[in-house]
Amino acid sequence: MTAQLEGLRIGNGQKHCVIVSKFNEFITESLLKGAKDAYRQHGVAESDVTVIYVPGAFELPQTVKRVLGSKKYQFSAIVCLGAVIRGATSHYDLVSGEAAKVGSVADGSVPVIFGVITTESIEQAIERAGTKAGNKGYEAATTAIEMANLFKEIG
């Protein structure tokens, strides 16, 4: 029989880090609220969630790298939340490209989840932060719980 491994969505005893971009805060605060809702619903204690605010999505990868190297903080998973909305310049491409590097700085010790929404308009961002298209912060947090359990199972 083929062995199958799958992480469960049970967060009891897990410690999570959420790194949140302050830029487009009206969107990222909704994403953070969604993440906190997911943690609560899946058994992660509020005291086991550490939120780190960074200026923008561009700063997410370097902050992930710093958290992973920290001796002070140890987490079951890290979630990165941000909102990059296309404007009239090429800045969108630069920032969204840099934000997407969060996975490349991960060292494999804990899951690093990309919860940054990249949209063409403010309306799309609002939809993905909890109105029509669900809440991507909630989805990122449940993915983090599941992946933390999977990493633990893999050993």
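For all residues, glycine too, the Cβ spot is worked out from N, Cα and C.
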Same 5-amino-6-(D-ribitylamino)uracil site per Swiss-Prot - residue from F23, F151 joining A57, F58, E59, A83, V84, I85, F114: F23
Of A57, I85 (the binding-site residues), the residue whose Cβ has the fewest other Cβ atoms within 10 Å: I85
Annotated 5-amino-6-(D-ribitylamino)uracil contacts F23, A57, F58, E59, A83, V84, I85, F114, maximal Cα-Cα distance (Å, integer): 16
Intrachain C-beta neighbours of R128 ((2S)-2-hydroxy-3-oxobutyl phosphate binding site), sequence separation six or more, cut-off 8 angstroms: I117, T119, G134, N135, K136
